[in-house]
């Protein structure tokens, strides 16, 4: 390991002066020197092993003058024009001033050097080590680059040819860079530049914001930071009015409006509005991930991603929301969160006008219009519009489920499903309906629920025009037209159009019923079935008919009931043309044409076309009568028989003749009565 790669020592970050140099510093510069030296020393003893206090630190603490040293001066070739002289001329008459070699015949060019290095020169308070070359005719800037070659001049004569051989020239000029960093070897022409540079090694941040306490190593960065507090924003976008502290930020922002993407990837041709985004993108092709976390070994292609990741280990969340107090590890995350409070959506789709709070969300949305799906699965070729969707899809091939619930050990391939699942254990339902007060675990469930109240059905079937309140219902419905049943049971060969129905069916073979009723102990294969069952205990009927006020425990029952008001009968028999309001009624009716009777009694062998008919028949063998009249105690084997019996007690006669107005308690009695009018 080289010295520049190792630990920083006090020698690396110390700055020394000659007696003459110290005299050239004004009180402000001396004070800055004292502060930086003491700060560098304190930084080193804070993060490193104990140090013996150097003499210079003792003197600075006592506000005495520091030590005086001799200095070796670094030279580099002048970037100006080269003056020609005899290439075999030697430098003679070597002279030493304050440890610096000076020659009287080094070149034909008269230089003027700072009195910092030549006691007989005029004083230069700014301490610039520039010199003026009459041969070139201009003042040369100091050397700040890492790539410039530097030459230490020894205190002895040397061959001019040997010194300048790499440049193939006869008369170079030199620029002084006498202030050298002991840690990395970089040279500087001014003391203050070296002082600023040393903060890179020590982590020193001399400039502190009085508003928030944040420290900065450069004054310019502190000035820019102050503008965040003062909201001093000078550069305004003429398109949207957004303002920026820096002109460069405005220029980048305006590319959102113009669509300009000047930075193009040479590998795939993708273009970007910012050069930094192109650099990050190119790492996808190279696979380069140079930033590694020391805690867990995870690597990142961007330094900022590593910095953000490290806060996961430390738990640091320094950016807090003023509205709700929620804290974030990154200021960008806080900025996006704030738009949730303000409702700001600055990114608008040119096609449909939909607005978004994040630019990335707009890009994803635009792919809905263009149909672009740039992320393709290497296994099956399926393409996706989002990288995250591809990542999740790949888990269906690998079987990976990285999100595990600590409560029940259930694993999930989607983080979103994992978060939703955790709310089952906490019973957290943060999203409440303003109409009926019902609460939901997910916001999306609340949105779907509210469509019951509003009657909104935004998803329309292109084949028959039928509308649905949920997209999943539309997708399931469209399979009726296509006849598609992609999910086939390996046990019995039965196929299903929906994956959920297939999963539920498989539990018939396994006998799995993981959901138990706390009231009666009855078990169910689906949580939805348990939810519906619990309503039989609670009597809850949340779905109410707007026409007659009748309430139902299931939304599907309400939908069926509504057809009694509308007269809708969407299920038509292909054999005889008879229509039905329920699909199950059509299936039972079709068995009348086919003669199919799939439900057979184990006792007597009698077969039935309906499961409910077999259940009632079996009660004839067992004598079971589970439906009791609460008034007289009479029991019945069928609930329909109990319903008819109850009308004797209540006097209810719901079936009315439209001809004469006579009412009946049973529908069959009304049908028989209506024959009087027809004959």
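Using N, Cα and C of the backbone, Cβ positions are placed for all residues, glycine too.
Database features (Swiss-Prot):
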- 8-79: domain 'KRAB' (DOMAIN)
- 179-201: zinc finger (ZN_FING)
- 235-257: zinc finger (ZN_FING)
- 291-313: zinc finger (ZN_FING)
- 319-341: zinc finger (ZN_FING)
- 403-425: zinc finger (ZN_FING)
- 431-453: zinc finger (ZN_FING)
- 459-481: zinc finger (ZN_FING)
- 487-509: zinc finger (ZN_FING)
- 571-593: zinc finger (ZN_FING)
- 599-621: zinc finger (ZN_FING)
- 627-649: zinc finger (ZN_FING)
- 655-677: zinc finger (ZN_FING)
TODO: Sort out the residues at least 6 away from either end of the zinc finger (655-677), same chain, that have Cβ-Cβ distances under 8 Å to it, and list them.
DONE: 644, 647-648
Open item on the list: Please identify the stretch among 319-341, 403-425, 431-453, 599-621 with the greatest number of Cβ pairs below 8 Å relative to the zinc finger (291-313).
Closed with: 319-341
- [ ] Go through 459-481, 487-509, 599-621 and flag the stretch with the largest number of C-beta pairs under 8 Å relative to the zinc finger (571-593).
- [x] 599-621
Task: Averaged pLDDT score, the domain 'KRAB' (8-79) - done: 66
TODO: Please spell out the DSSP helix, strand and coil residue counts for the zinc finger (403-425).
DONE: 11 helix, 4 strand, 8 coil
TODO: Grab the same-chain neighbours of the zinc finger (403-425) for me: Cβ-Cβ under 8 Å, and only residues 6 or more beyond its ends, written as numbers and ranges.
DONE: 392, 395-396, 441-442
Task: Residues of the parent chain within Cβ reach of the zinc finger (487-509), under 8 Å, 6 or more residues beyond its termini - done: 476, 479-480, 525-526
Open item on the list: Treating G and I as helix alongside H, and B as strand alongside E, what does DSSP give for the zinc finger (459-481) in helix, strand and coil?
Closed with: 11 helix, 4 strand, 8 coil
